Amino acid sequence: MDQFKGQARLPKFAVPKRYDITLKPDLTACRFAGSVAVDLNIVAATSFIVLNAAELSITNGSVSFTNRDSSKVLKPSSVALFEDDEILVLEFPETVPIGFGVLAIQFEGILNDRMKGFYRSTYEHNGEKKNMAVTQFEPADARRCFPCWDEPACKATFKITLDVPSELIALSNMPIVEEKNDGNLKTVSYQESPIMSTYLVAVVVGLFDYVEDHTSDGVKVRVYSQIGKTNQGKFALHVAVKTLELFKDYFATPYSLPKLDMIAIPDFAAGAMENYGLVTYRETALLYDDQHSAAANKQRVATVVAHELAHQWFGNLVTMEWWTHLWLNEGFATWVSYLATDSLFPEWKIWSQFLDEITAGLKLDGLAESHPIEVEINHAGEIDEIFDAISYRKGASVIRMLQSYLGAEPFQRSLASYIKKYAYSNAKTEDLWAALEEGSGEPVNKIMTTWTKQQGYPVVSVKATNQKLEFNQSRFLSSGAQGEGQWIVPISLSFGSYDVRKNFLLQTKSETLDVKEFLGTSIEDKGVNSWIKLNVDQTGFYRVKYDELLATKLRYAVEKQLLTATDRFGILDDLYALCVARQESLTSLINLMGAYRDEADYVVLSNLITISYKIESISADAVPDLLEPLKQFFISLFQYTAERLGWDPKPGESHLDAMLRGEILTALALFGHDLTLDEASRRFQAFLEDRNTPILPPDIRKAAYVAVMQRASKSNRLGYDSLLKIYRESDLSQEKTRILGSLASSPDPDLILEVLNFLLTSEVRNQDVVFGLPSSREGREVAWAWLKENWETLLKTYGSGFLITRFVGATVSPFATFEKAKEIEEFFATRGKPSIARTLKQSLERVNINANLVESVKNEKDLADTVKELAYKKY
């Protein structure tokens, strides 16, 4: 039996074709019993059957294999569950005959509280606390509910039956075919599913209500929520119906099931899960309340619903062959969710916000401890950690880069043929490249292999000499170190106008381009339209470093608003990244930021705010004397927009202005702007007295809460206690997470510690604790001490899922000394777990990057003069 231990994949001698599963959850005792009969094709002579199982107890004497031809029943001589490998090994006294047969197993398990496998979630109904039973199987937790071949390539059909209390709603992937009542219990049987992977099987049992609609071709769509919250499901329902119709056209393939249910689960580790025909969500990602949800919440619901429904084709119908190709699922669904949202809500200009996806991908991939998009997975325990910004965000970004290079029409046509070809089966990355290559005639595989099989990305340096541009590529690392690697880079250029463009592939380390024909003048010309911008509209996944001449021209073009918002964003973000890598000075970054004083665009300002927070944090460690003038400079940068937007929503204003108002006011509060803090306090008091007052609409609530916490401390805790009161009285998850995300922004470490201890009480759901972790400089020491003290508790609660990585990342990354990096490393040396190994290395690398940056900033000679001049300059 030991030969099967320590293997990444199951042996291939038995192939599952169909599962007949019965489950009987006990919601009071929090246990479940079940049975499974698997139709198997034995394809090689063996006396073993090996499948996945974990945390299940197999009923003695219940295991048998019946050969279909001879009807001979074989009983195993040995049944062993290897928990470390999560496999069930059945040894038979004789060879199992080749051909078809049925494997039958009975088992029992616990409805756990860890938000994975078959688990329990709690809710209140008429003031009484109740349990519901929910499944979350991706990536590898179907084995915690029933013994199975728990690998994406082992697709089969599923016939599911549930025995549940008769007053409850019981849902699964397929429509109900029969319900039989027997006193307090009922047996619910579902239609057999099409062929699918185990990680997409789903079951939910609890008290729910729903809203319903149909697509134009008759697919029944429902949004389920707790009783009393159905109105909050209407927006998601509208998005779902429209999105199913859109994707049917885009993929040239209809949605493949007769119904689609979407359901809000109170305890849910991820944002949502694309189970075939029964998509599960956190409440914040599915429910939208007209009165108490912000514009950002509405956008989140739309993009998450579109993401999950994209998976019904890309992931569920066509499935990755193994977790190495996870990015095919997640990168693609992320990219296409923007396509759908843009089609439904063009006024949101959602593609400009795709820049946030690119930036997050570039940030993580700028680390030496990143990983390639296609990453080897050798154990189920390693899968959780790759549900990260590389698989989702870099994945989405390289798809967008490729679509931009090939053109929208050939790209869409090729995708449709890929879906048709691999429907109801599995595909690898190379299969997608082959389809796109065939449809476009371009060398897609050759280009894209450089982006998916090696980690990292290039910085393209560009230098102007005479009438030529010199391009050089090298791997970009945030540490400033020299990196290895070479990419085939789709370069796009604009020369003084978006009508004058040039595109080419940079296939070597360096290349020179004669640009005489594009300039109409000398490259040294100081004219207003003599700027040259690389990576037009930021469709490429790379950084750009300009020489001084080109950078000066671009700064002028930013100031005079001659560039698109997307390009203004890119110039700022690239210079910031180069500053972190110590390839450009902080002085030059602050000088460039001064050119954005009249900026009005949401996505540019949002990034400007994020960069300001980082500069403030680094400067506080490096040059504390400059902290006040720096804050003054940031306040002056954002005041123009704050005054334009005001505190109150304007009739007919844009969705983006609504989101921007909250972010700008939050920034002014964090930088200690007294007028903002006073006004926030006044409005907060009015809100405390009347929760329906129009004076504190949802879009600015977070800003007001952060402002209140800026003045809260252990000795002046009125604001803190008031926020806790609102938290306790609110039934809306979005409101609760808004408050949790504000509490730790107090500058008082003693109060931050109280917040951290509150997070571990029963008042905060396990899924939400990470929202309350402090990200401030004042909070980092106390958060680290708290993490060390509570590490065992946190491991027990979160150790087997991906949320544990959030605690490590959030607590470790804000530090900025080499000594602290050492101390953290020593603490985890004896407490590490495989599931946090990658995150810990990445977080320590970030600490070292911060520490190097602090040392570098200390030595900048012109920084103080530049900051003071910009801070107190009159405009």
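Even glycines carry a Cβ here, placed using N, Cα and C.
TrEMBL does not curate its annotations; it predicts them automatically.
TrEMBL annotations:
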- GLU308: active site, proton acceptor (ACT_SITE)
- HIS307, HIS311, GLU330: Zn(2+) binding site (BINDING)
- TYR392: site 'Transition state stabilizer' (SITE)
Starting from the Cβ centroid of HIS307, HIS311, GLU330, which together make up the recorded Zn(2+) site, report each further residue of the same chain whose Cβ lies within 8 Å of that point, ordered by sequence.
-> GLU274, GLU308, ALA310, PHE314, GLY315, ASN329, PHE332, ALA333, THR334, SER337, TYR392
Neighbour-count leader, CB within 10 A, recorded positions: GLU308, GLU330 = GLU308
Rounded to the nearest Å, what's the C-alpha distance separating GLU330 (Zn(2+) binding site) and GLU308 (active site, proton acceptor)? Just drop the number here, would you?
-> 10
Give me the non-local Cβ neighbours of HIS311 (Zn(2+) binding site): same chain, 6+ apart in sequence, Cβ-Cβ under 8 Å, ordered along the sequence.
-> GLU274, ASN329, ALA333
What Cα-Cα separation, expressed in whole Å, is found between HIS307 (Zn(2+) binding site) and TYR392 (site 'Transition state stabilizer')?
-> 11
Using C-alpha atoms only, work out the spacing between TYR392 (site 'Transition state stabilizer') and GLU308 (active site, proton acceptor) and round it to an integer in Å.
-> 13
For HIS307 (Zn(2+) binding site), what is the tally of other C-beta atoms lying within 10 angstroms of its C-beta?
-> 27
Ten-angstrom check, please: count other Cβ atoms within 10 Å of the Cβ of TYR392 (site 'Transition state stabilizer'), all chains counted.
-> 24
